[in-house]
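S.K.: These came from TrEMBL, pasted as-is:
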TRANSMEM  74-92  transmembrane segment
TRANSMEM  98-120  transmembrane segment
TRANSMEM  190-211  transmembrane segment
TRANSMEM  217-236  transmembrane segment
TRANSMEM  335-354  transmembrane segment
TRANSMEM  369-389  transmembrane segment
TRANSMEM  409-430  transmembrane segment
TRANSMEM  450-471  transmembrane segment
TRANSMEM  492-517  transmembrane segment
TRANSMEM  537-561  transmembrane segment
Amino acid sequence: MAGEAAQEEYTQDGTVDLRGNPVLRSKRGGWTACWFVVVYEVFERMAYYGISSNLVIYLTTKLHQGTVKSSNNVTNWVGTIWITPILGAYVADAHLGRYWTFVVSSVIYISGMLILTLAVSLPSLKPPRCLESDVENCRKASTLQLAVFYGALYTLAVGTGGTKPNISTIGADQFDEFDQKEKAHKLSFFNWWMFSIFFGTLFANTVLVYIQDNVGWTLGYGLPTLGLAISIIIFLSGTPFYRHKVPSGSPFTRMARVIVAALRKWKVHIPNDPKELYELELEAYAKKGKFRIDSTPTLRFLTKASVKIGSTSPWMLCSVTQVEETKQMIRMIPILIATFIPSTMIAQIHTLFIKQGTTLDRAIGSFKIPPASLTGFVTISMLVSVVLYDRYFVRLMQRWTKNPRGVTLLQRMGIGLVIHIIIMVIASVTEKYRLSVAKDHGLVENKGQVPLTIFILLPQFLLMGIADAFLEVAKLEFFYDQAPESMKSLGTSYAMTTLGVGNFLSSFLLSTVANITKAHGHHGWILNNLNASHLDYYYAFFVILNFLNFIFFLIVIKFYVYKVEISDSIKVLTKELQGRKVRVSNQEESRS
């Protein structure tokens, strides 16, 4: 009994300290460790959004770029920010582990922030001030100035590639999936994780944006850099309390081996009895704090990788568990694709939505609202929605569905997709009204300020926050939850990748629509002069795109099979191991 009690004190999921020793549940992990991670995220998000939220305004007013070019430069950079986590996840899972990948990437991240602060501060690194209403008549930035500015931005992007996929996973790793009490805590972790993100974002979208517009870009970028430095110090302070997962090898290599082995054995017949397939012993998984996965009938072709034909090469023979892990990552790809379009909608928040704000009346008495500060309402709406969702919506739905989450993760995502359709309908109608007022006041050609308050844009920003509370939180939790244990970082990077592809897709759509609509002498939908543009048509196009994407999502989820819960699997594993021990002991007794 004493031995069993002592065993219970250690985590069962294979987590260790930095020296590779097993960790006591009472000494490391849990919410004690998570608070360092959550507070880190508040400051780091303040730093990141302190740069990204107002970037389109800096590119327009200081580097003198037009509507399409400035918007695309923002979405291309943001797209890179969200794509690089794939590389970060690979390095963490295959080589350095999550903690050290995060630490090294943080050094790169802060270096990029420091260079960027210098780029916006030194006069020699930016073009001279221009008062022309048409930026096309202003002096452009030199090659050197652009090289320093974009070099800093993309250095920063490389740094975030190592921090983004690993910091949230480090937080989730502090809860043992094999302990029912800790597993229950993890259900709320992702909600509060998103809460911390948007709390830091709120500060950036209000205070920092105001400083950039009214005090100066040096202080406006210097404060985010200081915030990042503070966040890194906070994270490192929590090192004695963290649990760590040992790197389990490249998930890309393991997946590639399954696919190659299946292709090389494409003519091989799959046995009717799954027990004839190749699989490791139960003890091999138990020692690593992992569990074995039984063969499933989905994506049956990949099962050929587990068929025994004599060769033991890892590129010819893979365990059933390895095959099922690969299947699980592939099964999530259609869901991944269905989140690209809503990610494109999110990209509009920091580009065209802000550009619209610059054409409206921003005055409240003597105070002028920075256009980018409207993104703060996305944050506020998100914060309120997450709390209401966690406190009330989940409890209400639990009575009907008996699901501990209230609704399934895919149902939660579906609600977010519907809200995105509503957002673009409202955005299109609002823009049509703005253009009609501009025409009535003769402001189409002279680019004058439209006599409408900037708050007419408020509904689309508020709804975007509500959509995030459903879609973005569920998306992050879904890809983490449904990823195999050995591929959690890659699963988290799936959530990041959707935002990256969404931003690149935004750049592609904006350029394509702008070029097509002004071809053959036509007026064009997207011009530098928004009063002469037709963003209402562009947003209506997004309505159609979102609706078609929602239909695709409904089809995809109809065929999606959720991963087996770990808690159930570990119970089966424990019983089987106990059964083996009983049989072995009985055999020894009979022999004696």
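Cβ coordinates come from backbone N, Cα and C, glycine included.
Note: TrEMBL annotation is automatic and uncurated.
Computed from a predicted structure; not experimentally measured.
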S.K.: So are the transmembrane segment (335-354) and the transmembrane segment (492-517) touching or not, going by 3+ C-beta pairs under 8 A with a sequence gap of 6 or more?
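M.R.: Contact between the transmembrane segment (335-354) and the transmembrane segment (492-517): present.
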S.K.: What residues elsewhere in the chain lie close to the transmembrane segment (190-211), defined as a C-beta under 8 angstroms and at least 6 residues from its ends?
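M.R.: Result: 38-39, 41-50, 53-54, 168, 171-172, 219-220, 223-224, 227, 370, 372-373, 375-376, 378-380, 382-383, 386-387, 389-390, 465, 468-469, 472-473, 476-477, 480.
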S.K.: For the transmembrane segment (98-120), could you work out the same-chain residues 6 or more beyond its ends whose Cβ comes under 8 Å from its Cβ atoms?
M.R.: 18, 47, 51, 58, 62, 88, 91-92, 126, 145, 148-149, 151-163, 166-167, 169-170, 173, 217-218, 220-222, 224-225, 228-229, 232, 235-236, 239, 242, 244-245, 489
S.K.: Out of 369-389, 450-471, 492-517, 537-561, which stretch touches the transmembrane segment (74-92) the most, going by CB pairs under 8 Å?
M.R.: 492-517
